[in-house]
Amino acid sequence: MTALPQDTDWTADASRPAQARIEREAHKLEKRLCREVGRAIVDYRMIEEGDKVMVCMSGGKDSYTLLDILIKLQKRAPIHFDLVAVNLDQKQPGFPEHILPEYLAATGVPFHIENQDTYSIVKRVVPEGKTTCGLCSRLRRGILYRVADELGCTKIALGHHRDDILQTLLLNMFFGGKMKAMPPKLVSDDGRHVVIRPLAYVPEKDTTRWAQQRQFPIIPCNLCGSQENLQRKQVGEMLRDWDKRFPGRVDNMFNALQNIVPSHLMDGTLHDFQHLKATGIASDDGDKAFDAEEFPPAPALPGLQVVQIS
């Protein structure tokens, strides 16, 4: 038997295919993120020529992903728009103040750190054990609107993704008795600011993978996101479970938000049921109430055998 050379590098040879696969998957993920963010921007006309977009940075995976992909799209977009990254330092104890400024400086994107002690206000006003999310978000929103005015920004970009939108829909249905989600684009209550959500088509699993791939310096939120047993967390876990057990279900739920049939719901403000009368004219929105809905067959549950009974 011929002996192998002693200097044979087995580790290097074995690692090349694995490394190539990792790089290939990362490239596919980047292309998908750019495609989905670009599609949302076009579908809802989120960014226009000459816009100055304020990208709100929390230090979480989603806002990092949002800024990162917008920087990539800015370089290839057919229009000119500017970016400015803004972080609100809410003076939480132990908050690593150096992380975001150092990261943002390295990107080359103009940035602004707004220092406001909302942490003390929230802790003083909200009783111990109660959810702080509502008050924290209202305080943060007001400050960010003011900063947008001061910086001359025409759009405010938030990092909410597809799963956030679906969670909000289900939370409103389960606990609020209304069909309401997060819009991809909205005008603020005072009519002065346009808020956009460029990650609207992006599933959370993609922002998680991108954050890992890019090794973003994640800053955890100790005020709201880390509180246990919140309704949003429970709904999020339910959606993730559905996504694993019933492939396509979450996608179809999201698609339903873009495919509304008001005449087949029960909201009289969206469809005039009061004055509905027979006209003798065929309607595309006509009566199919007695037709059996046709749906694709659901996949069998794990461990169960599907038996056809004739």
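One-based numbering along the chain as shown.
Cβ from N, Cα, C; glycine included.
Keep in mind it's a predicted model, so treat the numbers as computed, not measured.
Residues annotated as [4Fe-4S] cluster binding site in Swiss-Prot: C133, C136, C224. Cβ-based neighbour count (10 Å, all protein chains) for C133 ([4Fe-4S] cluster binding site) stands at 17.
Residues of the same chain lying 6 or more positions beyond the ends of the motif 'PP-loop motif' (58-63) and with a Cβ under 8 Å from any Cβ of it are 87, 99-100, 159-161, 199, 204, 207-208, 210-211, 216-221, 225. What Swiss-Prot lists as motif 'PP-loop motif' is 58-63.
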C136 ([4Fe-4S] cluster binding site) CB neighbourhood, other CB atoms within 10 A: 19
